[in-house]
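Over in Swiss-Prot, the protein carries these features:
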type	residues	note
ACT_SITE	Tyr308	active site, O-(5'-phospho-DNA)-tyrosine intermediate
BINDING	Glu9, Asp82	Mg(2+) binding site
COMPBIAS	774-801	compositional bias 'Basic and acidic residues'
DOMAIN	3-119	domain 'Toprim'
DOMAIN	133-573	domain 'Topo IA-type catalytic'
REGION	167-172	region 'Interaction with DNA'
REGION	759-815	region 'Disordered'
SITE	His33	site 'Interaction with DNA'
SITE	Arg143	site 'Interaction with DNA'
SITE	Arg144	site 'Interaction with DNA'
SITE	Asp147	site 'Interaction with DNA'
SITE	Trp159	site 'Interaction with DNA'
SITE	Arg310	site 'Interaction with DNA'
SITE	Arg505	site 'Interaction with DNA'
Amino acid sequence: MPKHLLIVESPAKAKTINKYLGKDFTVLASYGHVRDLVPKEGAVDPENGFAMRYDLIDKNEKHVEAITKAAKTADSIYLATDPDREGEAISWHISEILKERGLLKDKPMQRIVFTEITPRAIKEAIQKPRMIASDLVDAQQARRALDYLVGFNLSPVLWRKVQRGLSAGRVQSPALRMIVEREEEIEAFITREYWSIHAECTHPAQHFSAKLIKLDGKKFEQFTITDSDTAAAAQRRIQQAAQGRLHITDVTNKERKRRPAPPFITSTLQQEASRKLGFTTRKTMQIAQKLYEGIALGEEGSVGLITYMRTDSVNLSLDALSEIRDIIARDYGTNALPDKPNVYTTKSKNAQEAHEAVRPTSALRTPTQVAPYLSNEEHRLYELVWKRTVASQMIPAILNTTSVDLAAGNEHVFRATGTTVVVQGFLAVYEEGKDNKNAEDDDEGRKLPVMKTGENVPLERILTEQHFTQPPPRYTEAALVKALEEYGIGRPSTYASIIQTLLFRKYVDMEGRSFRPTDIGRAVSKFLSSHFTQYVDYDFTAHLEDELDAISRGEEEWIPLMKKFWVPFKELVEDKKDSLDKTDAGSVRLLGIDPTSGKEVSARIGRFGPMVQIGTVDDEEKPRFASLRPNQSIYSISLEEAIELFKMPRVLGEDQSQQVSVGIGRFGPFAKRGSTYVSLKSEDDPYTIDLARATLLINEKEEIARNRIIKDFENSQIQVLNGRFGPYISDGKLNGKIPKDREPASLTLEEAQQLLINTGKPARKNFSTKKTATKNETRKQTTKKRTTDAKATKKVSDKPVKKQIKKRIAPNITQ
């Protein structure tokens, strides 16, 4: 019988570690967090020292029971959850549960940590156990309590002032503010025209181009030329001065070193995976988790391929450095090795607990060697980690930049530049990605012919090119993570969840690979920025993260921090609940006056989303409403565009003596004839669709409905229907199966009733077009069903039944 119980978070991790430890250990998984705050008011009690009420997470109850059962017979217990605050908190919760159940009175329980899942790392960790770090647990609990108090108190204000179902998060809200402010910058941006001038030269060795840097004896700036006439005039002056050639006045060569990037931390891994692989932050972390926990490598079994992926550290262990340097010497030559290992310092504003960087557990496992055992995505991410790690310990690349100045007469000067790689160094393995390219990137790899001062170069032609300034780009995932990190907002474990929450809440949409705020997102951000300014302030949020870090280091206590935050926050929430209306909330924009009715026209966030409105609730007549079209926004729609929306519904004409119209409802555009409604296809525009197309869509729907009914039974709600997966029986409440050897159309009512009793399952939706059954028929069918249910209940009554507790729906509480 195993003597020791070791508890980790995931079953994959448990499987890998179990292979290393042998029969003396039982390795079980908690499957993540085992307890969470109860989802109702009072889970955090500020009046009682911020006491926190926890409950077991339903889906993990069985795993807690398995851990409890194993703990009863184990001689000792090791808590081996992840080496960060969340992992420390999970270990603490497990220890509290076992303590409450009286299982720790006569046996030791210790905490062990490791940042890679290898036999050496696991065995070393077991040899160096420690107690649970209360400082890390306090920091995690303070973060959880803050998130709860913000979400539970601020979200209901949004429900009342903006729209029901919204949520506000302590870290999510500043991230949303970043995206919204960037969108406002883009909208406010005024495009400016400017022109550049280039010279195309025909040197005997090769053609090359040079850009104008001096015009009429003055420095050529971006906005020196802003129209085509001025550009054409400058072109003529230069051509006349050049007389078919340019004179070389200066040649300079500069050598510079480009150093390799440090090995990955969480944020840089997410950024590079986004730039180079097109992965979302969520996908990156999911794949990295698999690589960390273990991949089956043939006869070698399950092996952890990378170190822990939630880290702020750029350090590499001495063993890892030695192995990496051996690989470099073997595959790239000793000339690619620096005299001593490269050492990096973190740029992160608040580095957490000391871990290693994200690296391969063994550099000897090259991407090519492990490729047969990995999926395509796993292989691409592993290759990224492997190359970045190896490159970080190689010599710098040496680049040579040549700059040549060429004169056209005495007043005009062009400059040609080119950069070539003299020594590849780390570039032989890896080159860091960029969000935006600059002029230096364009010059890189461009070679120039050998030229000397005093020579003349034949001029082929002078080119002018029109440009327009561009607004700042929207945030990509990589750029947003970088910005969050630079501001000190969030931590390695939260970047992916912040982004996921914004998308899930529909506060932002993805447009290509960039974030675009939705109208709901903008309304929420505007409301919070106007009325809860401090709590979406970047510096305030970053300072709060600093204080949480200080708690994790034992430098501050968590309860004083909670008091300092809670008292003014609660006062502000109570004040705003009573003092604001929806106009103050920033979700209403006045557009002007409707010329027909003379009433006020506004754009606003309504119950079902963005809309426009003619009139107000104070008018005698009820206001009229219209939904916005796709790609329209309440923040940019004009009065004319808004009035156009009220042309819905459009009457297209008549068909089968019934009016046919199109409109836009809660669920999108639709066509209607009589009592038949049909959603328009994505390619159909409700403002341009004609009668023929609308009639076709309606007829198609009615045809499907007609063909759906195989058989009706007189005086019965039961029907034999055609479904997506074949014929079936339904009474509108239950759906039953038809045996494959039975012809559906030949079923009798009694047979159909019996099939419903034997195979019936609750129907998702009642599509029946039949009238409601009479009271007698309903009573008759119900009696039969109840009899069957009673038998079934009696049969299983001796088995334990889990008590179901109905819980009040609580506001969403997010980061």
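Glycine residues also receive a Cβ, built from the backbone N, Cα and C atoms like all the rest.
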Rounded inter-Cα distance in Å - Arg144 (site 'Interaction with DNA'), Glu9 (Mg(2+) binding site): 19
PLDDT averaged over the residues of the domain 'Topo IA-type catalytic' (133-573): 92
Cβ neighbours within the same chain of Arg310 (site 'Interaction with DNA') - under 8 Å, at least six residues apart: Asp82, Asp84, Thr266, Pro492, Ser493
Lowest local Cβ density (other Cβ within 10 Å) among recorded sites: His33, Arg143, Arg144, Arg505: His33
Nearest-integer angstrom distance between the alpha carbons (Cα) of His33 (site 'Interaction with DNA') and Arg505 (site 'Interaction with DNA'): 23
Alpha-carbon distance [Arg505 (site 'Interaction with DNA'); Trp159 (site 'Interaction with DNA')] in Å: 14
Most crowded position, judged by CB atoms within 10 A, among Glu9, Asp82 as binding-site residues: Asp82
Residue, out of the recorded positions Trp159, Tyr308, whose Cβ gathers the largest set of other Cβ atoms within 10 Å: Tyr308
Top Cα neighbour of Glu9 (Mg(2+) binding site) in the set of recorded positions Arg143, Asp147, Tyr308, Arg505: Tyr308
Assigned conformation of Arg143 (site 'Interaction with DNA') - DSSP reduced to three states: helix
Of the recorded sites listed as Arg143, Asp147, Arg505, the one whose CA lies nearest the CA of Tyr308 (active site, O-(5'-phospho-DNA)-tyrosine intermediate): Arg143
